[in-house]
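One structure below.
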Amino acid sequence: MRGLISALVLTLVGSQHLNYQPDFGENKVYTYNYESILFSGIPEKGLARTGIRIRSEVEISGIGPKLCLIRIHSIEAAEYNGIWPTSSFSRSLKLTQALTGQLSIPIKFEYSNGHVGNLMAPDSVSDDGLNIYRGILNILELSLKKMQHSYSIQEAGIGGICNTTYAIQENKKANLVDVTKSKDLNSCEEKVQVVTGSAYTQPCQTCQQRNKNSRATATYNYKIKYTHNEAVITQAEVEEVHQFTPFHEITGGNAIVEARQKLALIEVQKQVAEVPPKEFQKRGSLQYQFGSELLQLPVHLFKIKDVERQIEERLQDLVETTYEQLPSDAPAKALKLMHLLRAANEENYESVWKQFSSRPAYRRYLLDLLPAAASHRSLRFLRHKMERQELTNWEIAQTVLVALHSSSPTQEVMEEATLIVKKHCPRSSSVLRKVCLLSYASLCHKRCSSPYSCSECLQVFHVFAGEALGKSNIEEVLLALKALGNVGHPASIKHIKKFLPGYAAGASELPLKVHETAVMALKSIGMRDPQMVQAITLEIFLNHKIHPRIRMLAAVVLLETKPGLPILMILVDAVLKEPSMQVASFIYSHLRALGRSTAPDLQMMASACRMAVRALSPKFDRSGYQFSKVFRFSMFKEFLMSGLAAKYFVLNNAGSLIPTMAVSQLRTHFLGRVADPIEVGIAAEGLQEMFVRGYSPDKDWETNYDFREILKKLSDWKALPRDKPFASGYLKMFGQELLFGRLDKDTLQNVLQVWYGPDEKIPSIRRLISSLQTGIGRQWTKALLLSEIRCIVPTCVGFPMETSFYYSSVTKVAGNVQAQITPSPRSDFRLTELLNSNVRLRSKMSLSMAKHMTFVIGINTNMIQAGLEAHTKVNAHVPVNVVATIQMKEKSIKAEIPPCKEETNLIIVSSKTFAVTRNIEDLAASKMTPVLLPEAVPDIMKMSFDSDSASGETDNIRDRQSVEDVSSGNSFSFGHPSSGKEPFIQSMCSNASTFGVQVCIEKKSVHAAFIRNVPLYNAIGEHALRMSFKPVYSDVPIEKIQVTIQAGDQAPTKMVRLVTFEDPERQESSRKEVMKRVKKILDDTDNQATRNSRSSSSSASSISESSESTTSTPSSSDSDNRASQGDPQINLKSRQSKANEKKFYPFGDSSSSGSSSSSSSSSSSSSDSSSSSRSSSSSDSSSSSSSSSSSSSSKSKSSSRSSKSNRSSSSSNSKDSSSSSSKSNSKGSSSSSSKASGTRQKAKKQSKTTSFPHASAAEGERSVHEQKQETQSSSSSSSRASSNSRSTSSSTSSSSESSGVSHRQWKQDREAETKRVKSQFNSHSSYDIPNEWETYLPKVYRLRFRSAHTHWHSGHRTSSSSSSSSSESGSSHSNSSSSDSSSRRSHMSDSSSSSSSHRHGEKAAHSSRRSPTSRAASAHHRPGSSLTRERNFLGDVIPPGITIVAQAVRSDNRNQGYQATAYVRSDAAKVDVQLVVVQLAETNWKACADAVILPLKAQARMRWGKECRDYRIAALATTGQMARKLAVQLKVQWGIIPSWIKKTSTALMRYVPGVALVLGFSEAHQRNPSRELIVRAVATSPRSIDTVIKVPGVTLYYQGLRVPFTLALGASSSSYETRDITAWNFLPEIASQIAQEDQSTCEVSKGDFKTFDRMSFTCSFNKSCNVVVAQDCTEHPKFIITTRKVDHQSLSREVHINTSSANITICPAADSSLLVTCNKESVLSDSGVSEYEKDNIKIYKNGKTVIVEAPIHGLKNVNFDGEILKVTVASWMRGKTCGVCGNNDREKHNELLMPNHKLAHSCSAFVHSWVLLEETCSGGCKLQRRYVKLNRNPTIDGEESTCYSVDPVLKCMKDCTPIEKTSVKVGFHCFPKATAVSLLEWQRSSDKKSASEDVVESVDADIDCTCTGDCS
């Protein structure tokens, strides 16, 4: 045992002599082979990469203790730019020479125990070269511990002090130590990096915890040979990887920069190293030192030799290339010029300025790009120009704005910026001063965000704020506070507190705007010191004495700091006790909005907000829009790690619907940071009053003594602070306020003066008009570097890796404008006279924009660049060349536009990703390789599989398939990676050949998503989008395009083509021969079908079964249309029977032409007009007819199935006439042939239907029909054709029967229609919903809508025929405005019956049991009273009201273009509007839009095509009832519509559920009609509605949707039926209702009164004293209304209305009438005079009620009937009134506000406070106010006390005795009994106004008194 221990001890002692620490012995030279490689690119194979490789030999010599010399020689450099990994490095001789020149001089470094110390090098060694040395020495940095094999430490390196983990393995036999160390370059105490351009963004810590956009790690492997004396590194390998992704690092895709190093020992020689005889300076440590990369832009590389000459050349080139047009490379050229300006000095600037400053185009570019250079030299140059006054104020403002926001806050820049602000910002509050200070504050913000001190710039603003406060200069105070908000430093809090209410003695006296700005200034400070800001804002919010608006803004700032749950619960508790609904509603809506956020940094807060909302919902969930609210929309995509949030909040004042302040803010989450790109705030107050009253100074107060005399009689009356009319706004970008402005009353009045006043008083207007007459030619360009974001980190090789984003743009506006004004303006010309002048305006303008966005990742130095570059370019060019003639008096506008003669690109967007290498010594060899190339795809992906037996035909099939794949746009579908190499190309053109132009959109895309379907790979590649105008060439050229608009009486004179509609009767003769041929073919087919009927039975049955299984809905409108075209005999025979009786109605229903016509006849005639144009295009061949019949028969099964639901009702009708049998769809039978016959009859009927099919149509049915058509037998087709022929003949013969049969038929049709329509509409709510689930749906979902039009009409029997016609249409719920309403009704019946729900039959049966009276009334209005009876073409009876002609003027003078004419006919109960668009050429294409507005109903249609018959969309809006509540329904239906509309609507429908969910709608899936949209709204309360929206496939509903105005709901649910509503006042009534929402009414009667805020009180009024009912409570009152009883016994009152222009008294006379005096003159005294008006005051009588209107004074009206007084004030008086009627602010807690702004403790005390006392009792009022002593001595704080009232109490005058008393509650202030003052001293004391209330007690107050003798 002892021997073992001894051996261990000896071994341990021996090992202590071993040296693991690498070292370099003195007088030894260690030679290594060194290789470093850098790669930049995408990690996937097959894509392009760039790289750099450097090979060399490195000699390290020991030249002293702990001092070594390193020398690099034999350098060989190579570049890589090609497909990875197949390409290879290519040697670069010039790069080798450049590196050899930089690394030829050796350097010294300290080295001890594996640690590199200071580096010493001559000054001739560049920073870039020294960094390469650092890359090699970084390998030598080792921290080895002998006794540990695995450990982690913080180790210094080239990238900083980072977390490093070691793993050591020892091979004792070979005396080798294997060392592996790994560095986490994201976990560094002192990380070496430079980040610029992101100072205005905030890091999202939660986002960075979830996802790292940038990761970097390095792994080192060493082999160390050790002996007892030394250890030598024999081999070292380093691999460092930098990974970057803009999206999620796992699912988003990555770009990498990979660095590798190899160091291998060759030999060790004992020799003395040769040290160069140069002076070595300490040049820092191992950590990387930034050098040329800070000045070198990564987007280009070029040599700078003669910078001044190069600036001149680049500037001249930029001006010349952008003079005519703006090329796409203009931003790149501007960026190169800016790079040169950064490299230049002040002498260069001065030389260039002298040469070009006098030339406007050059001067503009210099003033744009010099500030963007963002150096202290450019700032100094600009400051000198300001000192010499060589720049205008506008030029100074824009240069300072750009320069200070673009500059980095170095010490030199801060010094120059401080001088500019102190010396050159004017003292006046001009725009320039605001820009200077706000921009300097933003620069100070960046300085404070850096490690450097910012105390100097902070001191500038603190002193400025103190001086502004001392001078009470409000504008300067606002500017100082906004500047402190931009700085956002916690040191400014104590200075901001001076302006906050509750923190400084005089702060409460400052204007409200100052308080608002001070609170908002804390917002940016809260980002740095959230705890301090939370404490301040929470205290402000909890202080109810502070204005509600300030408290709400404090809450906004508080929630921006993301407080925790405890603070939020304090907030919730305060809101539950909050007296102000404005504040409570605002906080609740804000918390609810935040609770829905999905952003990572708000998840904790969102959870807490949801808890808070649960506590607040029961109380505040139904608050209306009259209260302040916050609206917020946000989304965050996890796979992109990006999000967007938009917040909008409104602050209302006094419950007005018009907000006082509105703020909109946009927030983004990207790259792990949060930014607020834009924030806009607008505030306005008093504008309503100013616009109503006009401009009038506040002189009314001085000239009317009555107000002052009256107000003296109130106790301690205090006026409300008057808000001067103003409008203000501000703009913030990235949290920094750029500009703010404020328009006061005088400014707004000056703006109005510009319009209404003569221009001789405003010289600028006169100069502008003169310039326009002579012609103005201007060219303006603006070059901007909008964004420069850079992140630079070192790599282990010594080269810097940069990730950067550049966004530059050049904008150009050029134009010439000349105006000819007739008659020529005189010297006293006003702008309003332009309305009576003729103006000819000739303008040629162009707007061009070129934008260039570049993203770079890779290596960037001034010697070499290698990396990935993604370039996105946007080019837009909008030319405008118009000659316009405007004749306002004649209501005529004429414009001429030149034709399109060459292709013009409007916008081009392109994006491409390159692998780029550039070498400063060999710029010609620069290489930009697209990252994605076709040859980059591996060969195996290009190969196709060829079978041994494959033939040429299969090759052709494969080729065709590949072409189809590319053309279909699926070339990059996942799972077909080989197609990814082929570009996706799509081109779409909209051809307007009429005007010789077409608009084309071309898209091209090829990306790398076929390799990996992630966002980054979708972006990599090449994408292009181009929108252009192309000429359409024709035989005759177009000279110009002319647009003429003529309104008024001269509109018909501008018509080029007379609008007429072709009568189908005129087409009959031309098509008669065609019809005979078709009839003969059908007869032949009929005979064949009869012979084969039995054999075709089975086939027809199987086909119908197949059709049923392959279609989801019973019918298709597309198939209906084809059936109508393929069965011409239907039109033939029906036309032959009624052609002579028919009259053509292009805008109406032909069925209404005669009341004696039968329903079937009308239906047939109607179908003629709708299908005539289509029938003419039918094929003559029998195969065509057979095919059409065959396609229509595929619906046989669905027809049979639908007919079963109406079997009982249709069987009786089928016996009477075949027409009604067709409408009933026949009765199903057991045989297939009869079933097919019923189907064909339904198909025939549907072919006549051109209206709106319902959900029974399947979109995919057409393809099924086409497939089935190929397999059907000819015998089956013949059978169907024969049956069709027979049914048609039967229908025709039936329609020519006697009138009695026709009458019965019409009656049956009418009843059947009523049943089906009612069944259809009643069943929509529950369609496709099982019975057991119906009960779980909301009630509103199941309610029936009942139109109110029938009820309205029943009370208006004497109205016009058009009104009665609409009654019938409204009650049937059919869109009878169609030109073929009969066929529509039949189709609606079919659609209704086709739904196989038993509820339909039940509801139809229920509707058939209506009262006989109802049916009789319906039938009474049926004949000749359709809604569309008078909707014939209005152009036949009235001229057009407006004509618009767009004409292409041809050289042969032929008409080409379009003409639109509008017709309007209106009366008291109906408005009929029609718009017809026709081609100027003689074609039958037309577009028709018509609308009818009736009481309680409006209807509109849009139709276009041949004679307006091909396509149609119709809408019907109706008022009615749902569950006996007022309801409105909007129904939109459509027939055949173009495919692009279908595709667009289908695409939009995908977003409907998501949008509905965000808006709060609930969803229920239903098979709603496929061609119908219904919106229903039912008023559930005066403030809320229930809404149901039915769209195809889904039903949405919302219960309790709040509306921003009170709905006019009467006591009876049908009150609207008797109101005198006309077509003209229906919509204005709704607008008036919204406008009147802000008007308030107060009512005062005997002992009751109801305030403006609808609070009712009952308390005693004084018997003989006047009491203030309502008054304007501002500093300068505009009205005061008082009232008092005439005598003690009477209930009658007298009213005094005092305004600033008149005193009006209304008092009762002996005969119970009312006497009115105005300014002591009797008015309305004569029996014949019922109205008096003077000085904007109107007085009139309505029966016994006197009404006074003074809107200019704020009084909408005052109604008084002798007992009840009603006062209605204008909307702009909200929150500005006082008196018994309250303050009119919609707040319930402050109704009992006394004149001194204290809340009364009781109603009686409140009323008594507004009593007007008199000095003597001769006037009848015998009361006075006295302070009283409490008749007991309460114990306060343990002491017996004497108490005196804080407010006076009404008592009788001296020598008067009270007759009647009442009890009032009064507050008392108490003194200790021993030291109490007397009552007399208390009355004289001034302390009582601010004394606290210790107790509240009830005391007696006198109401009425009796007096003896003189009283006082």
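Each residue's number is its place along the chain shown, starting with 1.
For all residues, glycine too, the Cβ spot is worked out from N, Cα and C.
Worth saying up front: this structure is predicted, and the values here are computed from it rather than measured.
Per Swiss-Prot, CYS1781 makes its disulfide bond with CYS1642 among CYS1642, CYS1905, CYS1907, CYS1911. Sorting the glycosylation sites ASN1662, ASN1698, ASN1703 by the number of other Cβ atoms within 10 Å puts ASN1662 first. Note on the domain 'Vitellogenin' (24-663): its mean pLDDT in the predicted model is 91. According to DSSP, ASN1698 (N-linked glycosylation site) sits within a strand segment. Of the recorded residues, ASN1703 (N-linked glycosylation site) and CYS1665 (disulfide bond) place their C-alpha atoms 18 Å from one another.
CYS1665 (disulfide bond) has none of the recorded positions ASN163, ASN991, CYS1642, ASN1698 nearby, counting only those with a Cα within 10 angstroms of its own Cα. Note: the Cα of ASN1662 (N-linked glycosylation site) and the Cα of ASN1698 (N-linked glycosylation site) are spaced 21 Å from each other. Long-range C-beta contacts of CYS1781 (disulfide bond), restricted to its own chain and to partners at least six residues apart, with a cutoff below 8 Å, comprise CYS1642, VAL1644, PHE1649, THR1651, PHE1652, VAL1669, ALA1670, VAL1767. The Cα of CYS1817 (disulfide bond) lies closest to that of ASN1698, out of the glycosylation sites ASN163, ASN991, ASN1698. The Cβ of ASN163 (N-linked glycosylation site) has SER152, ILE153, GLN154, LYS183, ASP184, SER187, CYS188 as same-chain neighbours under 8 Å, each 6 or more residues away in sequence. Cα of ASN1698 (N-linked glycosylation site) to Cα of ASN991 (N-linked glycosylation site): a distance of 70 Å. Counting every protein chain shown, the Cβ of CYS1665 (disulfide bond) has 23 other Cβ atoms within 10 Å. For the disulfide-bonded residues CYS1642, CYS1817, the ranking by surrounding Cβ atoms (within 10 Å, all protein chains) places CYS1642 first.
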